[in-house]
């Protein structure tokens, strides 16, 4: 259910007052505004390089430093200044550089000048969605809440992040990561890695594209909380008679490219949303944030996730194509996002951020470790009674594995159980070429053939994990469960009925 809030002055709004200390604008006589010196500097930038003299990476950094000084912020890190010079003066070709400073920077300045009016319009048009207010605010831990932002407002806020204008005071106290882009350029200068250059290319492409044609959709950001009194324990899982949902295994492809039936797309998240996207990180979560840059604004107002929390972002547009992963990541041109829109004018791209245990070792096999992970996944996958998501599945992969060190076989089964218990229609699993999961599809087929419930599979997983924890077995879960599949004889020759 959706309805509009009564009009309230900006100074009286609890939501706005919660975010105001973390914004670069001020409140004067109940009106949002830029400090006069900042407004004048942005006006100069908006008139182009012939007026502002900002026609190089070096001058860009000087302009940013001046804006920060006018806002009373600390000096720009010298390595960030050098990073701006390296990217825009050395790495970017001359034609692209002239276009950036001649067209994009002036448009970004105009966009930032419009931030006060965009914010005021945002709060004036804020609605209540499923009983929750939607105005921009800090979405505090342990409090379910949702924020709706227009893509234009997000672009204006991200422009402020590029210009490093957000105050940093008290962000640590709120368990909020830095939102300014200075560290991106610091890392470029200090490390000079090609993947860092290409991360910035994706960000630059985003700004070029929105300055040319501003998108008109909305994006929602929701903190989902599995209330502690309802946090499922062993009895909940072991006694579940819910049937297992459909499970598809894909040996190629990626979560963000999945098509067909609509699905939640899992972000293998850090507990701090965005992970290292604005630093050196360049794995699953960071890549998603770089190719869908509107995700980055979640860092502004979403503090660290606790064990019983997840973050769902609906509507973020994808702007870039890419190849590679980690050190081989490369920007490979424009991406035209053709996803359809829902009734709230959001693209039907649903991204769910769930953070796995980091380097859990054998503790992942303990009852506490198992419960933590399945409840975290369940928090991300569960369907609110007010929503209509019964036909929406889950697109995921090796969550919490790789850099986080989780057991991929156990994690795959945990996600399957959580999605099934949440009554999701299916799991679409992208194995990313993992050799460990070579037998995933055939083991899934065998489990389905047993007609086991969620509770039965959970109980079997608990027995295995107990043996693993006590050192009674060292083999993987699949080999332990169906040792026949790991005989030397080829599976195709086995007398096994998987029908």
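Every residue gets a Cβ built from N, Cα and C, even glycine.
TrEMBL labels come from automatic prediction, so no person has curated them.
According to TrEMBL, the active site annotation covers 267, 285, 286. Under the heading substrate binding site, TrEMBL lists 270, 284, 325. The domain 'PARG helical' annotation in TrEMBL covers 92-223. For 236-438, the entry in TrEMBL reads domain 'PARG catalytic Macro'.
Cα separation, residue 267 (active site) to residue 286 (active site), rounded: 9 Å. Neighbour density around each Cβ, counted as other Cβ atoms within 10 Å, peaks among the active-site residues 267, 285, 286 at 267.
Residue pair residue 270 (substrate binding site) / residue 285 (active site) shows a Cα separation of 8 Å. When the alpha carbons of residue 325 (substrate binding site) and residue 286 (active site) are compared, the span between them is 10 angstrom. Of all the binding-site residues given, namely 270, 284, the one with the smallest number of surrounding CB atoms inside 10 A is 270. On the 0 to 100 pLDDT scale, the model's mean across the domain 'PARG helical' (92-223) is 97. Pairwise Cα distances among 270, 284, 325, which the record gives as the binders of substrate, peak at 17 Å. Residue counts for the domain 'PARG helical' (92-223) by DSSP state, with H, G and I taken as helix and E and B as strand, are 74 helix, 17 strand, 41 coil.
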